[in-house]
Amino acid sequence: MKIMVAIKRVVDYAVKIRVKPDKTGVVTQNVKMSMNPFCEIALEEALRIREAGLASEVVAVSMGSSHSVDTLRTGLAMGADRGIHVEYSASLYPLSVAKILRKLIEIEKPGLLILGKQAIDDDCNQTGQMIAGLLNWPQATFASKVVLDKEKQVATVDREVDDGIETVCLNLPAVITTDLRLNQPRYATLPNIMKAKSKPIKKFTPEELNVEIKSDLEIVQVTEPPKRKAGVIVSSVDELFDKLKHEANVI
Amino acid sequence: MATRVLLGAIKKRTVSFPAFPGPSIYRHGSTLVVVEHEGGVIKPPSLSALAAATCLPDPDSSVSVLLAGSGSSLHQAASHAASCHPSISKVLVADSDKLKNPLAEPWAKLVHLVQQSGGYSHIIAAANSFGKNVMPRVAALLDVSPITDVTGISDSNTFVRPIYAGNALCTVRYTGANPCILTIRSTSFPVPQKSVDSKSNEASISQVDLSTFDEDLSKSRYISQTSQDNERPDLGNARVVVTGGRALKSAENFKLIEEIAKRLGGAVGATRAAVDAGFVPNDLQVGQTGKIVAPELYMAFGVSGAIQHLAGMRDSKVIVAVNNDADAPIFQIADYGLVGDLFEVIPKLLEKLPEKK
């Protein structure tokens, strides 16, 4: 079985972002970019499944500008066997990403597609669910544990839901999106980074895949959230208690 | 700035529901709200979704409610939905064993089916684990882009949603075909304490025709759910939230946080570090990837204030931080900060807080 993993290049999670003065978006020039943390977890899970002998190959896919190739290389250095890059310079919304993924899945025919539960830039939390819907595959979102049964061709997945953990069982092929607690992603070692340079990356454009990118959303503006007024540092528990009781009236 | 003013206005409007006399004209095809129910009543996040639906500024829009499941609690919940809000004109009930559990596959098919016969302009659900799981799948089936985690409604096609862990607000306009699919952030659409004279205009309840509902259930099966026994108020709706971070050091010490929460009648929250260290279960995590809260009072003990945590609580009314590191980022957004060792501060605080009966 082949596993496909979708990875996204985003502004590094530790960067304090700045909104552009013209309100068209967020400054991404000269800002540290990294693989989306949830995508790292997705890739790690695929690698572990392969290492357990339950999958033969892990294919990493990324879409976006030519810089996305760097992110793919990181994925290859972690251990993915090969990469696919779909080049598109403008921003892609989840619906388009899902449509491109559908085409790639028709070509590659993986038995499992793993994605992060959300990208930390747009915070959409949509792509996995949408591709599952387009393919009519079952989905398990927010996974914190995945157990594959190769014989029965099913995946049993623990999902992090609002009030605890829910367990579902899916027939393969299926779509899984990862939550933070699924695993601890590995670091790419230097020898593996070197090796990754010779791993193949296939290139496509949306036109070649016959996917029409049309968007039904437009960004009107991006603004900073309202600032909170400055707070005070109190010197003792007594003062804190007093302020909460008589100034803020919350206890 | 304009957005902010607008947002403020919208928020205000949500709080004080205009006392509609009830929709006089039923316009076929308006807003559908997909709700969850439990124990015969609509769950609080779904009530927020209903509140959001009534914010859509279309004067003669009507709101239909869809709920599904089986058994007597479904029908109890249906009558609760019917008298929930005066602008609800129709309650659709899908009674099927296939919809007993919150699986995305049958639910997405159901909403798709209901949309095909209802032709709604908007479909709304709460941005909780159910809504996030189901609604994007529905959108894909209908070939439209969904808009998730909406915090403000400017007009029927323009919405505000936070991006980059809440460090920017993005206003998006939906230009696609019907329906416009939204999930809403519950804390941004508060539910009024008591809805206006509800009995006088109860909505009609009708069954969804499921004769063409052929969802093949073999593809995914619900196995079980382990939920934490929680006698504390629900984290998402609590008036007070008391949160502990890694500095608590152990699950045993976390009981101190629980004790403060208990005495304030609040809910317990945690940072990712505290959950990963096994102090508390994952469903207490507050942040970008956990729960989003906006209580009256948020008390953070031993929480540094990473971007990802702030994303989940920055809209709290009053924020209190106790940390021994005076440079911790949490102090930049706290209304009241106390630099000190939480193992000294908490016992003193407990002395001052009266025992709750």
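Placement of Cβ uses the backbone N, Cα and C atoms for every residue, glycine included.
Positions annotated as FAD binding site by TrEMBL: B:Arg246, B:271-272, B:285-289, B:302-309, B:Asn323. Taking Cβ-Cβ distances under 8 Å and a sequence gap of 6 or more within the same chain, the neighbours of B:Gln288 (FAD binding site) are B:Ala165, B:Gly166, B:Ile307, B:Gln308, B:His309, B:Ala311, B:Gly312. According to DSSP, B:Gln288 (FAD binding site) sits in a coil region rather than a helix or strand.
The domain 'Electron transfer flavoprotein alpha/beta-subunit N-terminal' feature in TrEMBL is assigned to B:31-217.
Within the set of binding-site residues (B:Val303, B:Ala306), the lowest number of other Cβ atoms found within 10 Å of a Cβ is recorded at B:Ala306. Chain A comes within the C-beta cut-off of under 8 angstroms for the following of the binding-site residues B:Arg246, B:Gln288, B:Val303, B:His309: B:Gln288. Neighbour counts of Cβ atoms within 10 Å were compared for the binding-site residues B:Arg246, B:His309, and the top value is held by B:His309.
Sequence-distant neighbours of B:Gln285 (FAD binding site) (same chain, 6+ apart, CB under 8 A from its CB) are B:Gly269, B:Ala270, B:Thr271, B:Arg272, B:Val275, B:Lys291, B:Gly312. In the three-state DSSP scheme, B:Ala306 (FAD binding site) is classed as coil.
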